[in-house]
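Database features (TrEMBL):
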DOMAIN    3-45  domain 'Small ribosomal subunit protein eS31'
BINDING   21, 24, 39, 42  Zn(2+) binding site
């Protein structure tokens with residue numbers, strides 16, 4: 001799994017490129033689909049407008 005792709009380093013700051021799942025907590029990223037964000041672990045889904 002290429003988790004290193006989900007982070008970016010700017011100077012001394014670490015920036016997360018994706019959101020974490022609010023149910024599973026920190027460390028579980030939401031997958032980015034065309035119309036939604038989804039957690040593969042618990043099934044949580046956020047629909048985009």
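Here the Cβ of each residue, glycine as well, is placed from N, Cα and C on the backbone.
Because TrEMBL annotations are produced automatically, they should be read as predictions rather than curated entries.
The most densely surrounded of the binding-site residues 39, 42 is 39 (count of other Cβ atoms within 10 A of its Cβ). Cβ atoms within 8 Å of the centroid of the Cβ atoms of 21, 24, 39, 42 (the Zn(2+) site) belong to the same-chain residues 22, 23, 25, 28, 30, 40, 41, 43, 44, site residues excluded. Residue 21 (Zn(2+) binding site) falls within a strand when secondary structure is assigned with DSSP.
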